[in-house]
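A.B. asks: Got a structure for you, questions after.
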């Protein structure tokens with residue numbers, strides 16, 4: 001079998017759909033905690049969102065991520081799987097004849113995936129965050145909290161058109177530098193723990209990760225990845241949310257400086273609990289959907305040899 005396999009992209013898309021549906025409500029809470037104001041903690045944020053917007057508030061802007069993030073995950077998993085397979089084959093000659101995947105192969109594949117993810121996912125995350133944040137209170141100069149009852153955007157298409165009109169095409173990549181600093185190490189902490197944990201959990205007699213191993217290893221990897229990515233995720237969310245009503249940040253360093261001066265060091269860990277908690281079910285669904293779809297597409301089964 002060649003090193004390039006299209007099935008990885010298809011399975012990544014299916015896993016991406018499952019991941020978005022499972023994790024979107026907590027993703028909304030995470031974004032509002034990091035970029036919004038007026039919330040004491042995670043549970044206070046959940047109560048406030050429900051009180052103001054009911055259940056629909058947790059799914060605000062989900063149509064765009066459901067369509068786009070699924071494709072984004074398709075590319076992420078396709079790039080990672082094919083890159084590490086190519087590196088292993090290049091290092092060992094024939095893939096089937098060589099030893100198991102090395103840490104260096106996984107590290108390089110994860111880093112490349114992080115770079116690719118920003119190019120494709122930057123606009124996706126920007127639109128998602130703008131739609132999630134558009135009805136939030138915001139702080140204007142020294143006048144305290146200003147509430148916004150009317151949404152700034154009528155939907156994903158209107159949001160894109162407004163950003164391009166007001167900020168140009170480059171506006172779609174607002175926060176790309178912060179996202180790059182988040183995703184390159186983030187995907188290393190995402191894929192590498194998953195690979196080794198799934199291999200460790202799966203019985204030796206099984207061919208490929210078992211469903212339980214994919215679910216558990218995926219969940220743990222997601223919690224680790226999102227937990228460690230939280231500081232730069234806070235910066236990214238603030239830069240991307242900036243521009244809905246105000247333009248207060250001039251870049252990554254300025255955002256870090258202003259956030260630290262105004263709210264202290266703890267601000268960079270805002271939402272870490274919901275990030276880690278949300279990361280488990282999202283990534284568990286992602287990897288389980290990916291592995292099961294991959295086996296189905298290849299006509300394989302997780303069999304136990306006698």
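For all residues, glycine too, the Cβ spot is worked out from N, Cα and C.
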A.B. asks: If I go by Swiss-Prot, the feature transmembrane segment sits on one of 61-81, 82-102. Which?
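C.D. replies: In Swiss-Prot, residues 61-81 carry the label transmembrane segment.
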A.B. asks: From the ranges 107-127, 128-148, pick the one that Swiss-Prot records as transmembrane segment.
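C.D. replies: Checking Swiss-Prot against the ranges 107-127, 128-148, the transmembrane segment one is 107-127.
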A.B. asks: Work out, from DSSP, the number of helix, strand and coil residues along the repeat 'Solcar 3' (209-296).
C.D. replies: 73 helix, 0 strand, 15 coil
A.B. asks: Going by DSSP assignments with H, G and I as helix and E and B as strand, what are the residue counts for the repeat 'Solcar 1' (3-86)?
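C.D. replies: Counts, helix then strand then coil: 70 helix, 0 strand, 14 coil.
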